[in-house]
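Marked as active site, proton acceptor by Swiss-Prot: 62. Annotated Mg(2+) binding site per Swiss-Prot: 14, 60, 68, in sequence order, evidence recorded as sequence analysis. The ATP binding site feature in Swiss-Prot is assigned to 58, 71, 430; the stated evidence is sequence analysis.
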C-alpha cells in the first residue's frame, strides 16, 4: 500500500430491494415466484443466483427473497454513486426480461422493485454501508464515538416515511411523516448480527482484505437513498467522522445512553429538537449534528481536504441543518431524499385535503421508491429536472459494464471478462479468483487498492 493509498478509503454499499407483483386480472405471484423469474437469466449464464457481474459488483438473492446488489470496491464517492446506480439499471433490465418470460407463460401483471426499507407487513430490509479501516484503529473507541453521529445522521440523509397511526415507537400516535424508514426496526446499538437484532453497527470482522492491516466497518442503520446528493452527504460526512476518529481529533464525550430509543425518537421529530439521553446530560439531533459539522470544518481547516468534494459535503451538511432548524426546506428539496419526498406528499395533501392517514399517501410513498424509470415517482422528478444530478446522466449506465478503475474490482472484472471470452468456467469472490479447471492456480487479491495483477496475466498466458 502506497502513501497515496493511505489517504484513500475503500467504500461499498449493499442494497436489498423490495419485490412486488401487481396483477389486476389474476393471482399475484409471491416474492419467491417473482425472483425465480427475475434471476432466471442470471442462473443461465452464471449457473448460480449469486454472481459477480461485469463491473466487479455482486448480485445475489438475500434472505426473504430480496434481490441484493453489492457495489464493487470504490475509492471515490463518485465511483460509489455510479456503481450503485448501475445496480438499479441491471435489476430493471432483469425486470423487463422477467415480464417478457411471464407473458410467454401466460402470467400477467407487472413486477415492481423498490429501493426502500420497509413493506406493509412490517418487514424491513437494509442498506448496508462498508468502510475500510486501518487495523490499528481502536474499534471500541471508534464505535462509541460513531454511534451518536449515526443515530442523529438521519436528519441529514433519511429517506422519509409515512408512518401509519398507532406505530409510534414510544406509544400510540397519529399517522405522520418521519425522517427514516429504517429507524423503527433497529434493535441494538452494536452487534455481530445483521438480521436477528438489526444493530446500528455490525461488528463481524470480515475485512475482505489483509486482516493484519485492515478491518471493515459495516453500518446497517442507514436508509436506502435515491438522490445522488444524499448519497454524497451520507458517505462523505461519515468518512469525515471516521478520519477525525482515526486521527485522534477531539470530538468531545457524547455517548448516547439508549441508542435504539434515541434513533426512533429522532426519526419521529421533524424539528430535530427532541431531547435524547446521553451518558452525561442530553442533546437534540440538531445539536449533535451541529457539533459534528463544526468539528469537521475545524478538521478540514487544520488538515486540508482529502478530495475535491469535501467543500461540497460541508456546505450541503450545513444547508440541511439550517433547513431542519428553520423549517424552510426550499434549498434542499431538490437534493435530500426526505425533503424531496415530503414536498411531493405535502403538495398532494394540500391539493386533495388529505390527512397523513390517507391510503393514497402510503401508495405514493411506495411509488416514490420504484426503480422503474417510467413508474417511479423519484425517477419522474429526476427526469423533469425537479431533482438535481451530481454525476453526468450517463455515469450509471457506463458503470454497468465498467469496474471502478482505482481498486481491486478492476482486476476481478478483467478476470471475469477474460474467462467468459474463452468460455472457461470460473469462481470468484471478493478476494479470490479461480478457473474451475485450474484449481491449483487460485489467485488471492488481498490488497483492495491493486488495479492490476501479474498473476492473472500469467494464468491466462499459461492457458492461451
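Heads up, the Cβ atoms here are built off N, Cα and C, so glycines get one too.
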Notebook entry, point to check: Over all shown protein chains, what is the count of other CB atoms within 10 A of the CB belonging to residue 430 (ATP binding site)?
Noted result: 20
Notebook entry, point to check: In which DSSP state, out of helix, strand and coil, do we find residue 71 (ATP binding site)?
Noted result: coil
Check: Do you know offhand how many angstrom separate residue 60 (Mg(2+) binding site) and residue 430 (ATP binding site) by C-alpha?
Finding: 14
Notebook entry, point to check: C-alpha of residue 430 (ATP binding site) to C-alpha of residue 68 (Mg(2+) binding site): distance in Å?
Noted result: 16
Checklist line | residue 58 (ATP binding site) to residue 68 (Mg(2+) binding site) - Cα separation in whole Å | finding: 8
Next item on the list: Around the recorded ATP site, report the further residues of that chain (criterion: Cβ within 8 Å of the mean position of the Cβ atoms of 58, 71, 430; site residues excluded), sequence-ordered.
Entry: 12, 14, 52, 56, 57, 70, 72, 73, 409
Checklist line | Distant-in-sequence Cβ neighbours of residue 68 (Mg(2+) binding site), under 8 Å, six or more positions away | finding: 14, 15, 16, 17, 59, 60, 61, 62
